[in-house]
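**Q** To start, I am sharing the structure in question, which I have written as structure tokens.
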Amino acid sequence: MEVHQVVPPPQRSTLLKLKNRLKETFFPDDPLRQFKGQPLKQKLILGVQYVFPILEWGPNYNFNLFKSDVVSGLTIASLAIPQGISYAKLASLPPIVGLYSSFVPPLVYAVLGSSRDLAVGPVSIASLVLGSMLREVVSPNKDPILFLQLAFSSTFFAGLFQASLGFLRLGFIIDFLSKATLIGFMAGAAIIVSLQQLKGLLGITHFTKQMAIVPVLSSVFHTTNEWSWQTILMGFCFLVFLLFTRHIGMRKPKLFWVSAGAPLLSVIISTLVVFAIKGQNHGISIIGKLQEGLNPPSWNMLHFSGSYLGLVIKTGIVTGILSLTEGIAVGRTFAALKNYQVDGNKEMIAIGLMNIVGSSTSCYVTTGAFSRSAVNHNAGSKTAVSNIVMAVTVMVTLLFLMPLFQYTPNVVLGAIIVTAVIGLIDIPAALQIWKIDKFDFLVLLCAFFGVIFISVQDGLAIAIGISILKVLLQITRPKTVMLGNIPGTGIYRNLDHYKEAMSVDGCLILSIEAPINFANATYLKERISRWIQDYEAEGAMKQSALRFVVLDLSAVSAIDTSGVSLFKDLSMALEKKGLEASTPNLPFHLPHKIK
């Protein structure tokens, strides 16, 4: 048998080890590699292009790209205008703020963002969370000015938090929002958002401010006297129409324009109907007159002190994490489809600065929305210029078309929101998680039920807590398996996974499949001792004595001082039993008999 000795790695100074560890932690993408070997002038050009990605692709921009971007920009504008108004209502903000948020942020992102497909604007989940967290303290009806100030302040802190993660290279923090957590959270939030729209779809005037499913349904059935059949009829018709067009867009992606234009068409038709029949006099609630003109400055409305500071910081961090996670996930999804790279840290900085600027121009939290980005992608977007085209379209709307929305019924906005968020319920993904990992499915359920029965932020916190607990369990309770030999080979595999693998008489061969450190050293010592006891008990029945204990450490990526002590103590204990321990993968020597 050929034996290959494991040798220690090359000697490196402590300073060099620390430098490499910090580099891999904060700079895994090595952003400075493009500057190596370049002259000073080229380094300056690359530096400016790194900060402003538009300068990288801008010089090569041509008319053919512009034609594609104009088509996609106008298409997403037709979706962004009704969604902006609807999501602002969802956040308990004036509808005009939703349009403001679809004008300035896309312009900022077009300059700083690295995604070609991300369509920027308000999103349902961030709108829901922002409104629900602020409503717990301040009523938007009794004190609308203060509520608006807190919304802008929360947006500022959301942007500050997002940009800080990018500047400090701490993007790995958002990785604690696992796929299971997000799927459960999104599904629960979609149900809560949909139930909240029953107020508009049924024409209810007095509705609960709570977000959980029980008080919402209780409020719906305790106010049946306020239900309006005219509102219900209109809401049902437009909801069916929007769901039908959405189905067409999903089944036939080439007909994306059908689902993309349906919300705006619904707004136009419903507005004309209400205006013609004077629906406001027949129990149909309308938006009312909207302010004309571009975004007014709002930097003087930001709160940086006072009793509400803690509230806006907390709201900003929660909405910042959610919107950042959605924006980066959407950007990477479409980047993979077109085979280009999206820099996560640059995206954090771009989205963060976008929200900081937005908070000073009467905008609330924005990010890259999946529905708009999907339409943008399907419409043939080539660059971020599609965001500029969308912003210009919204600007024209703000300047000249606002009176046309005066008679838009709130029930249609509710139908638009329900249609948009229903796509957040991903049942096939949930079933896949159930098949792969039951613990992950438990996390999904905790997020889902926490959102619908407690609150949006508490449900998210519970799911994140359980996800972290799972990681801690994997660290403190590493997997150990018993190996056997595959006959006729020198290969050893897990006895539970390979039926043909055979245990070796007199040998207990164990594989440890995790780093060994202070957090799991005690557990491993106890677990290996139990393996030995079980083998000896089984061997006594088969009259086969245990002679060797072999530990396969090929899956162990790191061992700290507690791990070294573990093997020394284990070797000493086995020596007293008259057994020989073998750890062929260790690059150091133990004081007892080692093979």
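In case you wondered, yes, glycine gets a Cβ from its N, Cα and C as well.
Copied straight from TrEMBL:
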TRANSMEM  93-112  transmembrane segment
TRANSMEM  118-138  transmembrane segment
TRANSMEM  145-164  transmembrane segment
TRANSMEM  170-193  transmembrane segment
TRANSMEM  227-244  transmembrane segment
TRANSMEM  256-277  transmembrane segment
TRANSMEM  348-371  transmembrane segment
TRANSMEM  383-405  transmembrane segment
TRANSMEM  411-434  transmembrane segment
TRANSMEM  441-469  transmembrane segment
DOMAIN    497-595  domain 'STAS'
**Q** When you look at the transmembrane segment (145-164) alongside the transmembrane segment (411-434), do they share 3+ Cβ pairs under 8 Å, ignoring any pair fewer than 6 residues apart in sequence?
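**A** Judged by the Cβ rule, the two regions do not touch, with the required three close pairs absent.
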**Q** Report the listed stretch (93-112, 348-371, 383-405, 441-469) having the maximum count of Cβ pairs within less than 8 Å of the transmembrane segment (118-138).
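**A** The stretch with the most contacts is 348-371.
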**Q** Can you name the far-off residues of the same chain, 6+ from the ends of the transmembrane segment (170-193), with a Cβ under 8 Å from a Cβ of it?
**A** 26, 90, 124-125, 128-129, 164, 211-213, 216, 321, 324-325, 328-329, 344-345, 348, 417-418, 421-422, 424-426, 429-430, 433, 437, 440-441, 443-452, 456, 459-460, 463-464, 467-468
**Q** Could you check if the transmembrane segment (348-371) is in contact with the transmembrane segment (145-164), meaning 3+ Cβ pairs under 8 Å among residue pairs at least 6 apart in sequence?
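**A** When sequence-distant Cβ pairs are counted, the transmembrane segment (145-164) touches the transmembrane segment (348-371), since at least 3 lie under 8 Å.
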**Q** At a C-beta cut-off of under 8 Å, are there same-chain residues at least 6 beyond the transmembrane segment (93-112) that contact it? List them, or none.
**A** 51-54, 80-81, 83-87, 118-122, 131, 140, 144, 147-148, 151, 287, 290-291, 294-295, 346, 349-351, 353-355, 357-358, 361-364, 366, 368, 384-385, 387-388, 390-391, 394-395, 397-398, 402, 405, 413
**Q** Against which stretches of its own chain does the transmembrane segment (441-469) lie, if we need a Cβ under 8 Å and a gap of at least six residues from its ends?
**A** 128-129, 132-133, 176-178, 180-185, 187-189, 191-192, 211-214, 318, 322, 430, 433-434
**Q** Pop the mean pLDDT for the domain 'STAS' (497-595) in here, whole number is fine.
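**A** Its mean pLDDT is 80.
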